[in-house]
Amino acid sequence: MAFARNPSRVWEFYHYRREVMLTKNPNPAHLAIAECEERLTKQGRNVTVVTQNIDELHRRAGSKNMLEIHGSLFRTRCMSCGHEASNYKSPICAALKDKGAPDPKTEDAQIPEKELPRCEQTGCHGLLRPAVVWFGETLDSDILNQAESVLDNCDLCLVVGTSSVVYPAAMFAPQVAARGVPVAEFNMEDTPATMRFKFHFHGPCGTTLPPALARHETEPK
């Protein structure tokens, strides 16, 4: 609804977030997950990252088997033709250059809609929007079905750095735990789901996760 009322303001918000994330790098937790995936894949095992994050840091860390259930800051979708594509332009359009700020009191740039990001498909030129899941929208059913299939068949589940309050993702790990599958939570604090899990590692994920995912002495080199 906000995008329908004021697409300029919403694009300022997302443009700022895109520009900030282009300056950031994966942390040790992202890298540990990617290394673990690569190592276990070579052993014939499967590691799937199911993430609510839209920053693509898992992808940049090297994770390949990913389900981004809330979309990505670096994808756009056309409001007219529906075409979706990756987009890493900086700025995403000329009118948004140096626009957007973390202070909510910052005045809107009030960019005319025709100058906001537009579709480049032949004959379209429709208004683009960030390809992320906004409040009130449903998750992509294909991605959700893939996530549910992974969760139904996993033999270990790690819950890393999430508040466990945003649904439907908040019910994923508790459902796995209810089947008797070990679940390990890595977080700075307890969450509403902590008591349902067999393991809890308290502290920064960048500190606790790398040693937990490091190659065990029983694993092949």
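Glycine is treated like the rest: Cβ placed from N, Cα and C.
TrEMBL labels come from automatic prediction, so no person has curated them.
Listed in sequence order, Thr51, Gln52, Asn53, Ile54, Val132, Val133, Leu139 are the same-chain residues at least 6 apart in sequence whose CB falls under 8 Å from the CB of His70 (active site, proton acceptor). Per TrEMBL, the feature active site, proton acceptor maps to His70.
Taken from TrEMBL, the feature Zn(2+) binding site covers Cys78, Cys81, Cys119, Cys124. Annotation for Cys78 (Zn(2+) binding site): same-chain Cβ neighbours under 8 Å, separated by at least 6 residues, are Glu84, Cys119, Gln121, Cys124, Gly126, Leu127, Leu128, Arg129.
If you look up TrEMBL, you'll see 1-219 marked as domain 'Deacetylase sirtuin-type'.
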Practice problem: Look at the binding-site residues Cys81, Cys119, Cys124 and tell me which residue has the greatest number of other C-beta atoms within 10 angstroms of its C-beta. | Solution: Cys119
Practice problem: For the recorded Zn(2+) site formed by Cys78, Cys81, Cys119, Cys124, name the remaining residues of the chain with Cβ within 8 Å of the site's Cβ center, in chain order. | Solution: Met79, Ser80, Gly82, His83, Arg118, Glu120, Gln121, His125, Gly126, Leu128
